[in-house]
Every structure is written in C-alpha cells, then in structure tokens.
Amino acid sequence: MTTTVEDNREVLEAVLKEAVDLENVPIEEVFENLRCSKEGLTTQAADERLALFGHNKLEEKKESKFLKFLGFMWNPLSWVMEAAAIMAIALANGGGKPPDWQDFVGIITLLVINSTISFIEENNAGNAAAALMARLAPKAKVLRDGRWGEQDAAILVPGDIISIKLGDIVPADARLLEGDPLKIDQSALTGESLPVTKSSGDGVYSGSTCKQGEIEAVVIATGVHTFFGKAAHLVDTTNQIGHFQQVLTAIGNFCICSIAVGMLIEIVVMYPIQHRAYRPGIDNLLVLLIGGIPIAMPTVLSVTMAIGSHRLSQQGAITKRMTAIEEMAGMDVLCSDKTGTLTLNKLTVDKNLIEVFMKGVDADTVVLMAARASRLENQDAIDAAIVGMLADPKDARAGIQEVHFLPFNPTDKRTALTYIDNEGNTHRVSKGAPEQILNLAHNKSEIERRVHAVIDKFAERGLRSLAVAYQDVPEGRKDSAGGPWQFVGLMPLFDPPRHDSAETIRRALNLGVSVKMITGDQLAIGKETGRRLGMGTNMYPSSALLGQNKDESIVALPVDELIEKADGFAGVFPEHKYEIVKRLQARKHICGMTGDGVNDAPALKKADIGIAVADATDAARSASDIVLTEPGLSVIISAVLTSRAIFQRMKNYTIYAVSITIRIVLGFMLLALIWQFDFPPFMVLIIAILNDGTIMTISKDRVKPSPLPDSWKLSEIFATGVVFGSYMAMMTVIFFWVSYKTDFFPRTFGVATLEKTAHDDFRKLASAIYLQVSIISQALIFVTRSRSWSFVERPGIFLMIAFILAQLVATLIAVYANWSFAAIEGIGWGWAGVIWLYNIIFYIPLDFIKFFIRYALSGRAWDLVIEQRVAFTRQKDFGKEQRELQWAHAQRTLHGLQAPDTKMFTDRTHVSELNQMAEEAKRRAEIARLRELHTLKGHVESVVRLKGLDIETIQQAYTV
C-alpha cells in the first residue's frame, strides 16, 4: 500500500516537472500517468494533489507596501510640493535669515498625510474589490466522489474530470473525452480569430471559451503550468493610461502652468523692476507653490471612487474597472436585453393555444416531444417551462433510451434528441426557433404560410413561438441524416414583463438615458413588449438595417439615424449587437450594453459600459465592466444614479481645486506686486492642511445626481475655476486695500487699525488676510457642490462638521496666535467678526456667478443673439425646391427622423442637447399610448352605434 502511494507521488511529481508530454500521448496514457479514471478523483486524493500542484491560479506579484506608499509621492503634483520643500531649505537660506525649516517640515507633513490617506484607502478598496471579485471567481463543474458539483476553478488539480459547455471559459488545460466536437475560441491565447473545432482526445487551453457544444474532459495542467500560465510569465503586464488618469493629468498640468506663469511674472517684476530683497522674493514664490498646488486631488478623487464602488456593490452592481463609474455617469444610451432584464425570463406555455400540424397528434404529444428535446439537468428557462408542464418531469425520458442529445447553439438555434423507443426503433425530436425548424420540414412549401400566420397571431399577443419537429432514423445511428422531418406543432411561450420595468424605463428617460430593447424575437413581439413597457414602438428587425437583405422602404434613409432613433431591435444576432454599439458610438453616444451569453462578449467589450446581467456566462462576465448580482433593469438605473452622484462629487472637487489655484496665484501675486506685501508661506501651508482635511469628507457628501448624463468637460471646469478664482482673488485684494489704505473698518466697526507700524511689519494684516482667505476658500466648496442655491442644498454632515472645525481653528489662530517664526500677530475677536461678515456678504454673489457661468457655457446666451438676427430674415422662395423635399421629409418623419438640415447629435456638444434623444423617446412612447387610446375610442363608438345606445349619455359619464 505504502509502495503504491509512493509510486503515485513519484509519477505525479514527474507530471509536475513536465517530464511527461500529456498534450500528445494517447488519452489512455493520460489516465495512466495521472493515476485517475473517468469516475473522477476522491476529495482526499484531490486535496493531496492540491498540496503538490498548488491552486489553479496565476501567481500574483507581491508589491512592497513601503514602495507602494512612496509611489503616492511620485506624481507631478507631488514633485511641485517636493520642489517647494527643497526651496524652503536651499534657496530660502539668505537675507540674514536661517533656512525655512518650519515650511520644509510642514510641506513634508502635508505630503505624508496625503500619501497615508491614499495608501490606506486604496488598500481598503483593494481588499474590498478582492472580496467582491471572489464572488465572481470562475466556477467549474467537476466530478468528485462520483458526484457532479460546481466548485471554484481554483481547486482543480490534474486528474479531475470536468464538464465544459457553451459559454464556459475552460478552467484548466485539459484533454477532451468522448462526445460531440466543441467549437473553441482561442483568440485570447493564440490570436486565431475564428473558433477552432476540437474533437475527442484533443487538448483545450485554460482561458479559451467554449462557443458550441458540451463535453467532458480530464485536467492535465493547472495554474502556472498551463499554456496561459506560461505565456503570462513571459509577458510583462503594461498599465494602460485610462481616461480618468488623463483628466487628472490635464487638471494637474493646468494648475502647474498657472503657478508657473504667476511665478514668472513675480520674478520678472520683483527683482529686475522693483529690486526687492532676495529672501522676501523667495517667500512670495513659496506662497504660490505651496498654496496653488491641489496636492490632495489624486487622494480625494481615488477615495471618492473607492467609496462609490463599494456603494454600487451594495446595490448589486460590482465594478470590475473603477473608471467605469465615470462612464456610467455619462451613459446616454442603454441597449438592454429583453429576456431576463426587461422580462422575468420565467416562461409559461398555454396548452390551449398550441397549434398542431401533424395528423394523429394532440397538444399533450407536442408537449411531450418538446420535453424530450429538452435537458433534464442544467436547464435553461425554455427547457424548465416545457418539462414543468409534464405531470412528472421523469416522463420526458420514460420508456426511451437516450442515444444522443444535441445542445442548443446560437447558429442552429435548436436542440435535438436521438432516442430508441420500447420497440427498438430509433427516432429524433427537435425543438427550436420556428424558422430553423420550418427549414427542416419536408413539406415546408405547403405549411409555410400557415406557420407564419400562427406565429404572427401569437406575436400580436406578445407570445414567442417554439416549433417542434420529429423524424424516424432507420439507420439507428446518432450521426445518421434520418428520414423526412415532420413539422409537429407550434407552442406559444409567454415571458411576462418585470413588474418594475415600465417604471424603470420611465425613470431612465427622465434621467436622459434612452433605453433600446434588444431581442432575438420577431418584430411583432418586440413591439408588443415595448407597448406593455411604456416604450415607443419605433422598432426594426436588425437584419433590415444591418443585414444583407435590407428593407426597401428604408434603404434610402441613413441607417445611423434610424438606429439612433429606434426604440428597439428585433431578430438580433450577436454580430448585430456589436454593429449597433459601434454606430451609436460613432454618433458620439456613451453606450451601455447588457449581455449574458458568450456571443455577447464582443459587444460588451466594444460598449463604453459592458454590463453582464445576473447569471451571465463566464465569457460575458470577463468581457464586461460591471457585473450585476441582481436581475432586472432597475439595478442598472440605480447604478446610473449612484455613478452620477459619485461623478458629481469628483466634478465639484475639481472645480473647487482649480478655483483655489487661481485665487491663490492671482490674489497673492497682486498683493506682492502692488503693495509689496509678503505673506508668510507657513500660513499658506496651514490653509492647505486645513483645506485638505476638510475636503476629504466630500467623498461622503450628500449630493443630488445630475438629472442628465454627465462627463468631464475640462473647458467648463477650467472656465468656472478661473472665474471663481479671479472673483475671490479680487475679494482679497479689495479687503487688503480697505484694511490697509482706508479707515473704513475702524470707523464703522470700532476695530484697531491694521496699518503697519514699522518697516516690514505686516503681522496683524497677515493674520487678517489669512483668516479671510481661509474662510472664503473653504466656503467655495458649498457653491461648487450645489446645482441650485448653495444655502438650499443641505451638505453632508461630515463636510459641515469638518468645515466648522477647520474654520474654528483658523479663527482661533487669527485671533490669538503670536508666532514670530510665521510673522503673524493676533487681531482679536473684533476683526474676526468683521472678516466673517465681509466674507458672508461677498459669498452671496458666488451663486449668481455660478448661474451666469452655466448659462454662458450652455451656449443659450449666444443662441439668443443669433436667433434674434435670424428673426429679421425671411424665406422668399417656397417653390419647386421645397415641394421636392416634402416627400423625403415625410419619409423621414414616418421613421421618427429629424429634418436633414437639422443638426444631429454629432454636432452637439452640450449634454442638454444630447438629452433630446431621451425626450424624443418619451414623446414616441406617449404618441403610441395615445394612438392605442384613439383606436380603443373608435372601437367603443362603433360598438355603441351597433347596439343603438345613446352615445351622448355615455360620453357624459366616461371620457377617454
């Protein structure tokens, strides 16, 4: 016994060292070398092998936490602060004064605080993400202890027997056992664009995707020993710079350039023109460097996104890519699967409506044949509905011997079972899409019209059709062609809409998100479902728009516009989904796409936000950006709202950061150059530390999500920041002038004068300027965070408490601090009250400035000017050219298109204009509803006339 165990271990160690070529030896030798059988491993044997071979996952590079911490100090914004620290001790050593150690220590402290917060939050976010992704860890169907079960793919070991089916990502390198050939997509590994066919005995690689078929396989390699694992060792991963990082860089560069311009002007004016002393000049440059850099920006934005990602996961949307949050906030088109997302995917069959085509057969026999062509295990919704109609699910296989089952695949769109009955005769039954089954039928030409009539009748009631066919197989083999196919019957399938779908679609349209239904069903079903859901019914078969046989009635119209204006697409194939997304993106839409199957992967990858719905295949999950853990459309709309709230916080902060940079650079530059006022750099450092501490709480601020799709508009951020910053800089300059050059405040409020009493004595004035700048700078966040009046939208409790504490500290410093090293002196409570009053008065116009900026940037102001000019012109010729255009215009209107001369979305830059598409979708839905009511009214009136009733009396009691 001991010898056998040792022999097994020696053989397995040889496999581990790759001394045996398990990819090429006959399959029998694979079992021999792996000391396993087709009955699978026992749990004990699997545990022993797991200890030997390790987990079935790639080794993760362990990053030094200390180096990661230092990495947060290695970015352009940090470099500027580090340069300021060096200036404080190297260049500031002159003018009879020692090096500026307090500023040096303060700058380093600020850097360490920001890096520590970033490090802790990213670490927490990383741990949370790892826990969430563990829920999405790939699963594998494995045979252990003689029973099939679903296990984490990470515990697979060589020798395990696994099952691979359509949509699965192959969990480990394996050799296929007996069964039908598989279609495997190896493009991610080998670059082969077309799926390859793999038969019994062939090897399949970990990471490839099953596109068709179902088969069992024996695992021959796991983890780093797989083909994928070896390739991953050879390829060094590269970090792609995302859009979010580009935005951060652009804002950082703007702030750095603003500071550089301010410093250059100061250097040119102070030294060659004003002949200022060396040391005060360096101090003034330090003020711009320290105060102007938004050093907390990367920390605030990453913390905001990490907290937001956690909130999304609580709502049932796990973000695989953090920056998908900003794209979700800007999404204006959502292409949603009908089945399972808009509907319940709980199919029911009405036996009374079954249409029988084969003589001698009743509805019960049609159901039994359909049940035979269904899987009893791993059922999809259709199989479950049909087998569930039987009195006992076992009846589906009662009295027959299964020879071969052909699983569903997207190409054939049908399943089939070859079986032997009690008398030893072989038969085959198939169920699937009516068109596919009809093509099999030997008498297609005779029954085609009736079949289509029944399908249309079902479709008008929102019912899908499922066809059933039957044939004898005299040869008795699974691969025999068999005799002529008999078209047995058509079954109606009803998939009821989700109870919340109609309300969710209405919410989406109100949020500026146009929902487009994507369905593989025929057009009539799509329109009927759309009607029930309160959508418009402006839908097209996707093949009529994108296929080879385009509809003649719309062939002359622009396909891109038709897609843009459509409420849905029917008869959709996977390649059509990709094309729809591509064309919507070409028209400047941020497009979301839901999907669940392996064939949805290309479209999910192409979409700006790929959303894998609940119960999606591994392939769909791996291609998506967001994975839903709850079914339905409402989860997506909730995620959109949350994403917009997260994005709003980030946008509010960036406007605030740019404004502060401009106000510090412009304000202190003017004070230094006009009045030769030298503000102490240490006090700017105190402002920065208090500001950064307060602003961290914006990540949990209470905000109203944008009512429209939102995105980074850098020109808007910079323009708003420059206007706000310039206004606040002027506030400081005016305050300085009134305090220093006039006796207005002492005369009005009875406070002491702040005029300097000795040469270079600006100590009390410095305290006053410090408090004025500190209060209004932090108060600006309340203006940038609100869409309406800042005093109406209540901020989050954390932000409010942080602001009060920070400004209490700032006020106490200004009132009491007598710091010789910082060159400030306490000004008393009287001046503190004056400064608070001054800031409150000048705070009020900030809201008006915000409204004016928004109005000016929207283009409305300039549109009005243009419209007034156009109003005085008139069109003289309404002749021939106009009449020629009328027919084309009528055709476009019929299909919901705008006039050809109207600017389309490609030319539009403002979100409110893009939102017109959602508004038009709402209008179409309303028109469809009114049309239905009008039809109903006409029907009622005709019945009333037929019955000879008094219509006037009825109309007084009821209105439509």
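The backbone N, Cα and C atoms fix where each Cβ goes, glycine too.
Predicted, not measured: the structure shown is a model, and the values here were computed from it.
In the three-state DSSP scheme, D337 (active site, 4-aspartylphosphate intermediate) falls into the strand class. The active site, 4-aspartylphosphate intermediate annotation in Swiss-Prot covers D337 and is backed by similarity to another entry.
Taking the Cβ of D600 (Mg(2+) binding site) as reference, residues of its chain lying under 8 Å away and at least six apart in sequence are, in sequence order, P574, K577, M593, A620, A623. As annotated by Swiss-Prot, Mg(2+) binding site applies to D596, D600.
Residues or ranges marked as phosphothreonine by Swiss-Prot: T893 (among others).
The phosphoserine annotation in Swiss-Prot covers S942, and the record cites similarity to another entry as its basis.
Annotation source Swiss-Prot lists phosphothreonine at T959 (among others).
The topological domain 'Cytoplasmic' annotation in Swiss-Prot covers 1-69 (among others) and is backed by sequence analysis. Sorting each residue of the topological domain 'Cytoplasmic' (1-69) by its DSSP state yields 39 helix, 1 strand, 29 coil.
Look at Swiss-Prot and you will find 90-101 (among others) tagged as topological domain 'Extracellular'.
Confidence over the topological domain 'Cytoplasmic' (123-251), given as mean pLDDT on the 0 to 100 scale, stands at 76. Positions annotated as topological domain 'Cytoplasmic' by Swiss-Prot: 123-251 (among others).
Shown for the topological domain 'Extracellular' (273-281): DSSP residue counts in helix, strand and coil, namely 5 helix, 0 strand, 4 coil. Residues annotated as topological domain 'Extracellular' in Swiss-Prot: 273-281 (among others).
Summarising the annotation, Swiss-Prot assigns topological domain 'Cytoplasmic' to 300-651 (among others) and lists sequence analysis as the type of evidence.
Annotation source Swiss-Prot lists topological domain 'Extracellular' at 674-678 (among others). Counting same-chain residues at least six beyond the ends of the topological domain 'Extracellular' (674-678), those with a Cβ under 8 angstroms from any Cβ of the stretch are 274, 276, 280, 283-284, 733, 736, 740, 760, 762, 765, 769, 823.
Secondary structure of the topological domain 'Cytoplasmic' (702-717), assigned with DSSP and counted as helix (H, G, I), strand (E, B) and coil, comes to 4 helix, 0 strand, 12 coil. If you look up Swiss-Prot, you'll see 702-717 (among others) marked as topological domain 'Cytoplasmic'.
Positions annotated as topological domain 'Extracellular' by Swiss-Prot: 739-763 (among others).
Swiss-Prot lists 785-796 (among others) with the feature topological domain 'Cytoplasmic'. Each residue of the topological domain 'Cytoplasmic' (785-796) gets a DSSP state, and the totals for helix, strand and coil are 0 helix, 0 strand, 12 coil.
Taken from Swiss-Prot, the feature topological domain 'Extracellular' applies to 818-825 (among others). Outside the topological domain 'Extracellular' (818-825), and at least 6 residues removed from its termini, the chain residues within Cβ reach (under 8 Å) are 102, 678, 680, 682-683, 762-764, 766-767, 770.
Under the heading topological domain 'Cytoplasmic', Swiss-Prot lists 847-960 (among others).
Using the rule of three or more Cβ pairs under 8 Å, pairs at least 6 apart in sequence, the transmembrane segment (718-738) is not in contact with the transmembrane segment (679-701). Most Cβ pairs under 8 A with the transmembrane segment (282-299) among the ranges 102-122, 252-272, 764-784, 797-817 are made by 252-272. Remark: D337 (active site, 4-aspartylphosphate intermediate) has I518, T519, T594, G595, D596, V613 as non-local neighbours, by Cβ distance under 8 Å and separation of at least 6 in sequence. In the three-state DSSP scheme, D600 (Mg(2+) binding site) is classed as helix.
Taking residue pairs at least 6 apart in sequence, the transmembrane segment (764-784) and the transmembrane segment (652-673) share three or more C-beta contacts under 8 angstroms.
The stretch from 102-122, 679-701, 764-784, 797-817 with the most CB pairs below 8 A to the transmembrane segment (826-846) is 764-784. Non-local neighbours of the transmembrane segment (679-701) in the same chain are 88, 100, 102-103, 106-107, 109-110, 113-114, 117, 283-284, 286-287, 290-291, 295-296, 299-300, 303-304, 307, 649, 652-653, 656, 660, 664, 668, 671-672, 762, 766, 769-770, 773-774, 777-778, 781, 785, 795-796, 798-799, 801-803, 805-806, 809-810, 813, 819, 821-824; each lies 6+ residues outside the stretch with a CB under 8 Å from one of its CB atoms. Residue environment of D596 (Mg(2+) binding site) contains 25 other Cβ atoms, counted within 10 Å of its Cβ in all protein chains.
Within the chain, the transmembrane segment (252-272) has long-range Cβ neighbours (under 8 A, six or more residues past its boundaries) at 75-77, 80, 281, 284-285, 288-289, 292-294, 297, 657-658, 661-662, 665-666, 669, 672-673, 714, 718. Nonlocal intrachain contacts for the topological domain 'Cytoplasmic' (785-796), taken as residues 6+ away from its ends with a CB within less than 8 angstroms of a stretch CB, comprise 648-649, 652, 697-698, 700-704, 706, 846-847.
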